[in-house]
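Novice: Take a look at the following structure, please.
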Amino acid sequence: MSLIPSLSLLLMSMVAASYSETVTCEDAQKTCPAVIACSSPGINGFPGKDGRDGTKGEKGEPGQGLRGLQGPPGKLGPPGNPGPSGSPGPKGQKGDPGKSPDCDSSLAVSERKALQTEMARIKKWLTFSLGKQVGNKFFLTNGEMMTFEKVKALCVKFQASVATPRNAAENRAIQNLIKEEAFMGITDEKTEGQFVDLTGNRLTYTNWNEGEPNNAGSDEDCVLLLKNGLWNDVPCSSSHLAVCEFPI
């Protein structure tokens with residue numbers, strides 16, 4: 001029987017302790033029976049367990065990282081197209097008058113006359129030793145025997161043409177020049193039997209030998225001046241004396 005009061009007292013102490021956190025001592029004295037006694041607050045307990053994760057939040061704005069270091073310069077690009085021409089610059093100042101060398105007109109005239117005299121002397125020497133002159137033509141031979149094609153090439157090389165007599169005087173001049181039969185600038189290569197000069201013009205003077213031209217062998221397309229001054233048709237591939245005609 002002595003244990004009952006002790007158990008009742010212990011139970012009331014536990015009830016009073018459970019209200020100590022929310023009920024002040026003064027309130028307890030007003031509302032609780034006289035047997036309830038106030039005590040000091042108890043020691044805090046251990047932290048509770050973590051609660052559950054909350055709902056997923058909205059996506060935040062992108063962050064901004066730190067600016068990196070400046071890289072090395074890149075390679076040079078290809079050159080661009082040329083730009084448009086610029087506007088002309090201002091006109092320059094007028095230059096000083098130039099200086100011309102002193103000319104002695106009398107000396108120039110005397111030198112020109114001396115040159116003309118020398119050229120005339122050389123022409124006379126050539127005429128006497130190698131060629132013949134008739135009017136404004138000068139006939140010259142190198143004394144070589146060659147085909148008609150080579151004779152043409154030789155005369156062209158010296159800005160001349162193959163000798164072609166236009167009258168009896170020119171025919172006689174060539175005859176007096178040669179010591180062998182010589183080619184003349186006359187052919188019928190384009191039209192058989194129609195002899196023309198090397199410019200294609202028909203002849204106004206001829207001096208054919210008796211029975212010529214006869215086209216013997218069907219290939220006599222070139223013309224020779226014989227040593228007696230008469231003409232004869234022969235093959236152009238044969239070799240005869242070269243005589244060139246120079247205008248003067």
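Backbone N, Cα and C atoms are what each Cβ position is placed from, and that goes for glycine too.
Features from Swiss-Prot:
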type     : residues      : note
COILED   : 112-130       : coiled coil
COMPBIAS : 49-61         : compositional bias 'Basic and acidic residues'
COMPBIAS : 93-102        : compositional bias 'Basic and acidic residues'
DISULFID : CYS155-CYS244 : disulfide bond
DISULFID : CYS222-CYS236 : disulfide bond
DOMAIN   : 42-99         : domain 'Collagen-like'
DOMAIN   : 134-245       : domain 'C-type lectin'
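Walk me through where these features lie, including what they touch and how far apart they are.
Specialist: For the compositional bias 'Basic and acidic residues' (49-61), the DSSP counts in helix, strand and coil order read 0 helix, 0 strand, 13 coil.
Mapped onto three states, the DSSP output places CYS244 (disulfide bond) in strand. Counting every protein chain shown, the Cβ of CYS244 (disulfide bond) has 23 other Cβ atoms within 10 Å.
Secondary structure at CYS222 (disulfide bond), taken from DSSP and collapsed to helix, strand or coil, is strand.
Averaged over the domain 'Collagen-like' (42-99), the predicted model reaches a pLDDT of 80.
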Novice: Taking 10 A as the limit, how many CB atoms besides its own sit near the CB of CYS236 (disulfide bond)?
Specialist: 19
Novice: Taking only the Cα atoms, work out how far CYS222 (disulfide bond) lies from CYS244 (disulfide bond), in Å, as a whole number.
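Specialist: Checking the Cα atoms of CYS222 (disulfide bond) and CYS244 (disulfide bond) gives a distance of 15 Å.
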Novice: Per DSSP, what is the residue tally for the domain 'Collagen-like' (42-99) in helix, strand and coil?
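Specialist: When I sort the residues of the domain 'Collagen-like' (42-99) into the three classes, I find 0 helix, 0 strand, 58 coil.
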Novice: Relative to the Cβ of CYS155 (disulfide bond), which residues of the same chain, six or more apart in sequence, are found under 8 Å away?
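Specialist: Within the chain, CYS155 (disulfide bond) has Cβ neighbours under 8 Å at SER161, VAL162, ALA242, CYS244, GLU245.
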